[in-house]
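Working notes, structure below.
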Amino acid sequence: MLGAELWFSFYWFITQSVRWNRIYRHTFRDRLLLRYENELPRVDVFVCTADPAIEPPIMVINTVLSVLAYNYPPEKLSVYLSDDAGSELTFYALLEASHFAKHWLPYCKKFNVEPRSPAAYFASLSVSDQFDADFSKMKGLYEEMANKIDIVCKAGTVSDQEKLKYKGFSKWNSYSSKKNHAAILQILNDSRDEETKDVDGVRLPTLVYVAREKHPEHFHNFKAGAMNALVSLVPVAHHISEILNKPVDDFVDYNVQLRVSSEISNAPVILNVDCDMYSNNSNAIQDALCFFMDEERSREIAFVQFPQSFGNATKNEVYGSLRVINEVESHGSDGYGGPLYVGTGCFHRRDTLYGREYSTEARIDLKSACPEKMEENMHELEERLEGLASSTYDLNNTQWGNEIGLKYGCPVEDVLTGLTIKCKGWKSVYYRPKRDAFVGVTATTLDQILVQHKRWSEGDLMILFSKYSPVWYGLGKLNPGLVLGYLIYCLWSPNCWATLYYSIVPSFCVLKGIPLFPQVSSKWFLPFAYVIIAELIYSFAEFLWSGGTILGWWNEQRMWLYKRTSSYMFAFLDTMLKLFGSSNTTFIVTPKVTNDDVLLRYKQEKMEFGSASPMLTILSTLAMINLFCLMGLVKKLILTRELGLEYVFETMALQFLLCGVLVFVNLPLYNALFFRQDKGKIPSSTAFQSVAFALSVCTCIAYM
């Protein structure tokens, strides 16, 4: 008990560090345009997708269309779709989107549309707003495109007739699969081409499809590998040598081999977004540039991180949320040098991804002119660039994933990359505009959210034990407050043991009639009561201040318990196995597809327990242990009268309260175990195992 309480005290102290020095920022876009309207930097946007089966192509191209429609000079904007599955379905959807964009972009600018994801825009309007002729025409064009994509996705292949319409489909063959395919690069729109214009005669942004080569014999490094295939190096070895402070001879490979985006646009600013995170604010680029081009402080800023928001979250956020992280903790990290890089909704200074160290003397000028038209034939360019997306490129250029680009070998490569950038002297910025910059899709089942948090917490703990640990690698390089800020997330998974202890042992002692806490009449009871009441009131007030609801706070407490007794425990164990070489790093993509029944229950805020898993078995077993222990105490109080009510209140009030709260917080789980008849209930096999094991353990404890 003492060890668990000391751990909770230590972790509480760490979490307070990001509440001491919060920063809230504001931008002045009008001043940016006034000073730099004709010198705005080029911007490359990277959109990443991994599997059309769990990330539907229609969702992917809505994200692409939303970033194509930014309020930004189109000749300075390039969008790259990285399709790690190399799917002809995704390529077909992007091809259709490139045609639709010729109508969608001028429509957005004419009517100042927000958001600029077509699906989100049409869904956001009421019936009374849908009588305009332009609106009806645009919606008809979108539905026509969406219908074509839906037909192809249901068929699972692009028809031969459609393939004949565009030469790019010749890149696919009958042997291609998501784990084994050649490198494919197709430039669908080139802003340097005077003929690439929308229906109003305005140039379109550059649009590129990239599928890096995958081969079963070569490890592909998941999302980090996909990003590094897009991130480029400046084509001069001497410049790279200057960035990394290493001999020129170490980088001669880069004289002849550059990665994809540098050959096409080579923008000094990069935005990366996940395929489910569409742009919800057409001015986000200008907001980010307000920090990158600030005369006084821009030279030290490596990246600007926007928060993750979710459009499908229910009112009371049944599976918890990132609300407190977004509204409180990230602002606090910003006060110590910047927030974590979270892998999406982030604008990067390209040079920092090369490994450049911060210097007060060097100033990187981001101002840039429009890209010049290339003399090379488009087909020849595509063929040449496909070699830069080969599966062996990283093997031949071993600095990638090590000193250059996103780091390899960690499930949260984004957090690790951001940490190493800051340790080179750079800072980052957290900016939350009034209108969310990006809106995505959150998990709709309990299993999805637990698996997602297992990956996050496992990766964060791996960072703690790696050579890049914020404790020793960041010592002297990072503000101490920022080190504590990183530890909040690095120590997510070790929280499991103290939480498991508090979830089990006090309940067993209730069953046995053994008091663990001071008596109510003791003066030592007051510190325990104060800590419990103060912490609950503070977290409740903070959650409401962050925009949450009362029921949302209660759901957050439930998920706090569930994550720490399942996801974090498995994450801790897997990390230990990896440290001893008994396990390999995996990357699980959260499904973005939900069937109608699951979606209906999600909207009704009914927890989805439907799939059997070890984590669900643990949660069910712990819930039943607490229920049986509470029932055992009630039996002794009322039926057998082995214990008096006054004695229990005096000696075990806190234990009784703790056990009661654990039972109360698990009411949705008991409902899924015994009463629900829909497909979201707990599977019968899991229910039987949990009840049988919990009953056996409680019986043994009771008669020991």
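Keep in mind that glycine also has a Cβ here, set from the backbone N, Cα and C atoms.
As written in TrEMBL, here are the features:
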{"type": "ACT_SITE", "residues": "Asp84", "note": "active site"}
{"type": "ACT_SITE", "residues": "Asp414", "note": "active site"}
{"type": "BINDING", "residues": "Glu55, Asp84", "note": "UDP-alpha-D-glucose binding site"}
{"type": "BINDING", "residues": "Lys223, Asp274", "note": "Mn(2+) binding site"}
{"type": "TRANSMEM", "residues": "471-492", "note": "transmembrane segment"}
{"type": "TRANSMEM", "residues": "499-518", "note": "transmembrane segment"}
{"type": "TRANSMEM", "residues": "524-545", "note": "transmembrane segment"}
{"type": "TRANSMEM", "residues": "609-633", "note": "transmembrane segment"}
{"type": "TRANSMEM", "residues": "645-667", "note": "transmembrane segment"}
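Across the structure, Glu55 (UDP-alpha-D-glucose binding site) and Asp84 (active site) place their CA atoms 11 angstrom apart. Ranked by the number of CB pairs under 8 Å to the transmembrane segment (499-518), the listed stretches 471-492, 524-545, 609-633, 645-667 are led by 645-667. Long-range contacts of the transmembrane segment (471-492) within its own chain (CB-CB distance under 8 A, at least 6 residues past either end) are made by residues 11, 14-15, 17-18, 20-21, 329, 332-333, 335-338, 340, 415, 419-420, 422-425, 453, 456-457, 460-461, 463-464, 568, 571. The 10 Å shell around the Cβ of Asp84 (active site) contains 25 further Cβ atoms across the protein chains shown. Sequence-remote contacts of a segment are chain residues at least 6 beyond its ends whose Cβ falls under 8 Å from one of its Cβ atoms, and for the transmembrane segment (645-667) they are 502-503, 506-507, 509-510, 513, 515-517, 519-521, 525, 528-529, 532, 554, 557-558, 561, 623, 626-627, 629-630, 633, 637. Long-range neighbours of the transmembrane segment (524-545) within the same chain, counting only residues 6 or more positions beyond its ends whose Cβ lies under 8 Å from a Cβ of the stretch, are 12, 323-324, 327-328, 517-518, 552-553, 556, 654.
Take the CB of Glu55 (UDP-alpha-D-glucose binding site) and look out to 10 A: across all protein chains shown you find 26 other CB atoms.
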